């Protein structure tokens, strides 16, 4: 615990040095690799220090955040090339990583809340500071106020929980509290973060306006904070959810179908990917709400898989954005003519996004579909539509961007660099190889 | 031109406050408040600036009226209980006295003079107004044990007015005064329960105000567009400034979250859930207008401004260290509580 904390703290002065961008990059990757060596297994909290420690759930998500943060630095070389506050950028990414590290590994609910909130500010700075359009101000305000509006009632709920349990340690929340108000106070912010279908509006805005690093961290980790919080707090609300889980499962499955329809008529690449993550996270929410073993484990697998695949899709969108200067699917056509090798990556990640076989998304989707169908056979209808249309919009994304005639507006064009292939490969490798030993990252209870 | 007399009046200003918060009879309280009032008037006045004279006049009238109401309140009390040298209060006079002290602090239904007066002051006087002038009235409100409904009403009024009225302002003095009204609501909630809580809230609030106003007064900024001029040349100051406003809004990694956290905890333990929830959600509106202030700074855009007030690179070790201590204060205090 301490070694990683100290390593990250010592990286703060490193990030402020000029021309140390690649050294920072190296340290981020070194951190992730060191962290792999400290694997935690199943439900026991290992490496406990103070009020921090990891069971498998925390471990996997901390590892994911380290990995995504490393890849964020790798993806944002444009900031270094233009030297647009690039030291500050490193510092923001690092502080985001520290906040996420603490949020995922805290054993105390209040500390989790604290770092959950702290992670908001670096994200806000990332979106507002390095975003492209003036609309990013609105997007930032949406992000901040959607989250804060729901997270402040959670603060009150936390102190209420102290009163009941005399402690905020997550393991001590051992008997259910059947209060609907408390359920909403605690979980509304997680539902917003996740995001649940009706309260997802901040997400496409934030994604569209964010720079590539902002989109990656949002899709990769920030949404998982919601899922993580729900997985941790669910045992308090067994009673509440046993009488109203049908509402949430209905919203998540039907919402997933509607969002899939919505994806099919997006013209903005980033917006399409953002909406597709709403659909996937809807599935995660449904799995958590069913209260089944399959559902909980599948939620974790799906979160990891979605974190990697949608982050990779945002990278791809940015790679073409840097060349074409637009996110529109009408201008981003025919890329297979210009970047033939990149078309392979587009295909691989579209396939992952639709949960095609060798990907972790498949494992997650199988587990979640199992849990949801087990809950009610009626879900089969919604899930069938959702799976089918997720394939549809993934193929739509692939074929629209890669095939067809490329736009005549393109005046000059540079082909892909090795860095970009490495970036995508490092997304793809864990996504498609972790399924070979799926129990290692899924069975956390 | 000697400003030596200002030193004298600073001393009497402080003495007045100390007399009123430590006296044992209502007459002493009243005398202290009057001393305090009479010594801030010459501090505010500046012969070259008519606005400050106007402000001091307004301030004098309002405060004198409030003092009179206070005097009336404790005279009624004396007639009723026949013990002149005592802090005991009957129900009615207690409400009268509390109301008069609310006027003196500028809590919400009685706040109308406050932004007007602030508009005419220079930044250092504004700082005195926002911080030191709150000590005496609020401490005495703590002594009056007035009924909870009155205080809760004032809390809600203050929080809502502070939030809503600040939205469309461009003058930073007005914004600071509305934010102060909002914080007065929180401080009232704190002093409803424990004195220590109020002290913490007040100290941290004063420190945050000091950090912000120090910068504003150094760069001579009084409206939002002028902030661009500062941000252009001083990226570090800009970052600190931004974080200070987040801190004032009560976002977690900064010290401003600490008093809110403590207040909410005490409120929940005393079963004031609804008031606490309302306060905390309405305070988001203040956070929104703080965010509007910091927006030109946080977008990292460095477009030049026509208002080029300060060209020089500004560096002050004191200001930097004050800011860094303040902003990281929450982490250090949390660590101090948990690891030592």
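For all residues, glycine too, the Cβ spot is worked out from N, Cα and C.
Record features, source TrEMBL:
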type	residues	note
DOMAIN	B:23-286	domain 'NADH:quinone oxidoreductase/Mrp antiporter transmembrane'
TRANSMEM	B:7-23	transmembrane segment
TRANSMEM	B:57-76	transmembrane segment
TRANSMEM	B:149-168	transmembrane segment
TRANSMEM	B:175-194	transmembrane segment
TRANSMEM	B:240-261	transmembrane segment
TRANSMEM	B:273-291	transmembrane segment
TRANSMEM	B:320-339	transmembrane segment
Stretch contact, the transmembrane segment (B:149-168) with the transmembrane segment (B:240-261), Cβ-Cβ under 8 Å, 3+ pairs: no
When counting Cβ pairs under 8 Å to the transmembrane segment (B:240-261), the leader among B:7-23, B:57-76, B:175-194, B:273-291: B:273-291
Residues of the parent chain within Cβ reach of the transmembrane segment (B:175-194), under 8 Å, 6 or more residues beyond its termini: 105-108, 111, 114-115, 118, 126, 130, 134, 138, 141-142, 148, 151-152, 154-159, 161-163, 165-166, 169, 200-202, 205, 209, 212-213, 248, 259-260, 262-263, 266-267, 270, 272, 275-276, 279, 283, 286, 289-290, 293
Residues from the same chain, set at least six apart from the ends of the transmembrane segment (B:273-291), whose C-beta lies under 8 A from its own: 152, 155-156, 159-160, 162-164, 166-167, 169, 175, 178-179, 182, 185-186, 189, 245-246, 248-251, 260, 264, 267, 298
